[in-house]
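Colleague: Sharing a structure with you now.
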């Protein structure tokens, strides 16, 4: 039945129903849910539907080029894989399957610090370009060890998550008393005396974060991180112009506009709504990327039109992994890529560089289209 469902899938949203059917409730809820009222979780998706196209006609689109360059690395598509934690809860091959799928698609995979496969295992699983997502723990020796291991294993950048001094209130995890299944571990911390995500009266992950993650993290620590690694640092979790300007001043290599999949502070804007403000503040000095709510190639196009240099995909990848392992992830990335290519052709864009602000109209613009009056 599952295999037949896989064959019939026509868009990435359909992977979620299969994942929900296959996964234990605690695991599905962990991946799917957001913080508190989950308003931002819905808004991350809904905001894209309010941005409309201004397609150009009579352009020769017989050849479409989706390639782009990220931090100097050429990739086949501006669609990259976001870090998601504990991927072996979704499928036995977890991070390894996603690394292979991303490498096959010639795009970038970002490995979570909280992976259930180690830096070294993921490095040896596939030859593609990989970034490493980093949480800063109170024990800075642990941070230094992880960064050095990522460097040694050939990872090309550090994605520093800056929006998690405390874990957002994810009520599904509290109800389920979320814990990492006992046969799994956070592989990157084995032997480092950093605790474990085990069952508690609350969310086991919330307890773990409270014990381990450094709440005092600030801009000085970004400078410290630059002293211990030569890898470029992306700041992940920026939502305002003010923090975009501070990121530029700090000398980081790029920004990821992110609200942590709507899992941290509820009632922050959808990332696509925050994107343009951040892009303007960065003034072209560093690239700006975006994640959150992307489910269609049309969404990717809209993000690029509003100034993103690329997008990162989270839940669609994890649900595709749960539904079909490596083949599911390949299919998900491929479908998004094909939809983007079609959107480019129908908008009159032959390359990613031809996608401009003039190709979309956003609801915050004066004179933007409203719902047509009923006649």
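Any Cβ shown, glycine's included, is placed from N, Cα and C.
Bear in mind that TrEMBL entries carry predicted annotations, made automatically and left uncurated.
Not measured: the values here are computed from a predicted model.
Pulled these from TrEMBL:
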| type | residues | note |
| --- | --- | --- |
| ACT_SITE | 260 | active site, proton acceptor |
| BINDING | 30, 135, 170, 260, 263 | glyoxylate binding site |
| BINDING | 83-85, 112, 133, 161, 236, 258, 291-295, 314-315 | FMN binding site |
| DOMAIN | 4-365 | domain 'FMN hydroxy acid dehydrogenase' |
Colleague: Counting all other Cβ atoms within 10 Å across every protein chain shown, which of the recorded positions 236, 260, 263, 295 scores highest?
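Modeller: Sorting the candidates by Cβ neighbours within 10 Å, the top entry is 236.
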Colleague: On average, what pLDDT score does this prediction assign to the domain 'FMN hydroxy acid dehydrogenase' (4-365)?
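Modeller: Averaging the confidence scores along the domain 'FMN hydroxy acid dehydrogenase' (4-365) gives 94.
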Colleague: Counting only residues 6+ away in sequence within the same chain, which have a CB under 8 Å from the CB of residue 83 (FMN binding site)?
Modeller: 110, 111, 112, 113, 131, 133, 159, 161, 314
Colleague: May I ask for the distance between residue 315 (FMN binding site) and residue 30 (glyoxylate binding site), taken between their Cα atoms and rounded to an integer number of Å?
Modeller: 11
Colleague: The record names 30, 135, 170, 260, 263 as the residues that bind glyoxylate; what is their largest Cα to Cα distance in Å?
Modeller: 19
Colleague: Provide, as an integer number of angstrom, the distance between the C-alpha atoms of residue 236 (FMN binding site) and residue 260 (active site, proton acceptor).
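Modeller: That separation, Cα to Cα, works out to 9 Å.
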Colleague: Between residue 293 (FMN binding site) and residue 263 (glyoxylate binding site), what C-alpha distance do you get in Å?
Modeller: 12
